[in-house]
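> Have a look at this one.
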Amino acid sequence: MHGFRALKSEVIMSNMTNAAPHTPIQEADYSAIHPPSLLKRLELTNPVFWLSGSFLSLFVLLALTNTESLTAMVNAGFGFATKYFGAYWQVLLLLNFLIGLALAFGRTGYVRLGGLAKPDIDTFKWLSIVLCTLLAGGGVFWAAAEPIAHFVTAPPLYGEASPKTSAINALSQSFMHWGFLAWAILGCLSSIVLMHLHYDKGLPLKPRTLLYPIFGDKAIHGWIGNLADACSIIAVAAGTIGPIGFLGLQISYALNSLFGFPDNFITQSMVIVAAIVMYTLSALSGVSKGIQLVSRYNIILSVLLIGYILFFGPTSFIIDGYVQGVGRMVDNFFPMALYRDDTGWLSWWTVFFWGWFIGYGPMMAIFIARISRGRTIRQLILSISIAAPLITCFWFSIVGGSGLAFELANPGLISSAFEGFNLPAVLLAITGELPFPMIISVLFLILTTTFIVTTGDSMTYTISVVMTGSAEPNAVIRSFWGLMMGVVAIALISMGSGGITALQSFIVITAVPVSFILLPSILKAPGIANQMAKDQGLV
């Protein structure tokens, strides 16, 4: 027996020695020979998929079968979140902004992120993508409606004043909600932490990585990470589905007002289907093609409309309103940021917006980390925390400032359209006062759609990145999430605006866990930035 084993061993060794040299199969070749199953490509074995997908499915099911119960639960959760976490969110956003500025203006400002010597996307394209993605549909309808809302009902910090002063106060409060603090939480400190841990340390480009400085490997491989990813996906899906649904409702209303199209479920669904097709195709083509292209054309159309309104609109008031509004916001920056007296007003304005932006935070940080390689900390923070907010404020002055000027000249013209919080009616009332109102109104509707498309494609792409852990997720999962968000929006609007409104409020509830995902970035970003500065020989 022993001789047989020895002979067998000798034969095996001889065969191994004489065999042709082994050529390892490359990963791409292996994938071509053994393509992953649909189960794998959709990440159906991923617990994050089941956590996020099941929750969204349950939400839609409740919306369709028991709207009253869902609304009651969401309202209760909304009230709890704004009451007990509102002050925490206000401090969180303020600290995030101030620490970011300190890093930008210190030696750490020269730190180059992402392991590249220069940016891989040129500045105009990069800023276009950032602006269009973060503004979403709010960049048009809220720009028109929020200033008149604060004009009609004065913010409690300012109180009642003369009409002209009230108009500037209204712009100032709008600038606060869409300004420095809001933009900073969407991708400054959190993006710095993600870019270091992903590009320098090899950790996944996922929300769970933001918890790594606190929990270590447990955040990457344990249930904590799965929960962080799922909460972030639910929050951003809710924040994207809501605007998609409102796009259908608002464009349908506008088409009825302008052209007499029936304002019904069919028209609303057709608008959403068109948006689904556009943002899904854009997401499939990737960051370097579709997402850049849509963002670039979006910015070009915005600039053309800005030029038109500046030339034919209330130019003097727009410029004065912008300068005085920004000045008043800066002058009252800390009182506005930390205002806590009228909690009822806060819950529907400042704290609502802070919860909304926090809900987007981790996923936007991932998207910004993906497109910002090669930029310095100073470029990143000053572009997102300062330049982008000032551009946004100017856009609000163009659209909302025009509305205020028309209201001052003809009281009731814009405020009557706003009754019932009718956002598209305000926009149409403003464009109706400009030369060639029909053409300008249509262009604004196109702009609104492309704003939503840029958010839809970016978030479809980012959710797919989180699901797969790949910077270039497969087409199947991109298509799935793009279609899923649109289908959910259609399902919710089938029961009227109640389902979409509940979903919009729900994102504020999701901001409770998401705000704790963002907290480690505020605590750890300075140390990480200093370490990168040392590694790059800057200190």
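Just so you know, glycine gets a Cβ as well, placed from its N, Cα and C.
Reproduced below are the annotations present in Swiss-Prot:
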- 44-64: transmembrane segment (TRANSMEM)
- 85-105: transmembrane segment (TRANSMEM)
- 129-149: transmembrane segment (TRANSMEM)
- 175-195: transmembrane segment (TRANSMEM)
- 231-251: transmembrane segment (TRANSMEM)
- 265-285: transmembrane segment (TRANSMEM)
- 299-319: transmembrane segment (TRANSMEM)
- 348-368: transmembrane segment (TRANSMEM)
- 380-400: transmembrane segment (TRANSMEM)
- 426-446: transmembrane segment (TRANSMEM)
- 480-500: transmembrane segment (TRANSMEM)
- 503-523: transmembrane segment (TRANSMEM)
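Describe the structural context of each listed feature in the structure shown, including burial, neighbouring residues and relevant distances.
With a threshold of 8 Å between CB atoms, the same-chain residues lying at least 6 positions outside the transmembrane segment (129-149) that come near it are 121, 167, 170-171, 174, 177-178, 183, 186-187, 240, 243, 246-247, 250, 287, 291-292, 294-295, 298-299, 360, 364, 367-368, 371, 383-384, 388, 391-392, 395-396, 398-401, 403-404, 407, 414-415, 418, 421, 423-424, 426-427, 430, 444, 447-448, 450-452, 454-455, 458-459.
Long-range contacts of the transmembrane segment (231-251) within the same chain: residues 48, 52, 55-56, 136-138, 141, 207, 268-269, 271-272, 275-276, 356, 359-360, 362-364, 423-424, 445, 448-449, 452, 455-456, 459, 462-463, 466-467, 485-486, 488-490, 492-493, 497, 499-500, 503-504, 506-507, 510-511, 513-514, 517, each at least 6 residues beyond the stretch ends and with a Cβ under 8 Å from a Cβ of the stretch.
Sequence-distant contacts of the transmembrane segment (265-285), counting only residues of its own chain at least 6 positions beyond either end whose CB sits under 8 Å from a CB of the stretch, comprise 244-245, 247-249, 251-252, 255-256, 291, 293-294, 449, 452-458, 460-461, 464, 475, 478-479, 482-483, 485-487, 489-490, 493-494.
Sequence-distant neighbours of the transmembrane segment (426-446) (same chain, 6+ residues past either end, Cβ-Cβ under 8 Å): 140-141, 144-145, 148, 251, 254-255, 257-258, 301, 304-305, 308-309, 312-313, 399, 402-403, 406, 413-414, 417-418.
Beyond the ends of the transmembrane segment (480-500), by six or more residues, the same chain brings 42, 56, 60, 63-64, 67, 70-71, 237, 240-242, 244-246, 248-249, 265, 268-269, 272-273, 275-276, 279-280, 283-284, 456-457, 459-460, 463-464, 467 to within a C-beta distance below 8 angstroms of the stretch.
Within its own chain, the transmembrane segment (503-523) has Cβ neighbours under 8 Å at 59, 63, 74-75, 77-78, 80-82, 85, 88-89, 92, 95-96, 99, 185, 189-190, 192-193, 207, 210-211, 213-214, 227-228, 231-232, 234-235, 238-239, 241-242, 245-246, 351-352, 354-356, 358-359, 361-362, 365, 492, counting only residues six or more beyond its boundaries.
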> By Cβ distance under 8 Å, which residues at least 6 away from the ends of the transmembrane segment (348-368) in the same chain are close to it?
81-82, 85-86, 89-90, 92-93, 130, 133-134, 155, 173, 176-178, 181-182, 185-187, 190-191, 194, 205-207, 210, 228, 232-233, 235-236, 238-239, 336, 339, 380, 384, 458-459, 461-463, 465-466, 507-511, 514-515, 517-518, 521
> Using Cβ distances below 8 Å and needing 3 or more such pairs, separated by at least 6 in sequence, tell me whether the transmembrane segment (380-400) contacts the transmembrane segment (175-195).
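Contact between the transmembrane segment (175-195) and the transmembrane segment (380-400): present, because at least 3 Cβ pairs are under 8 Å.
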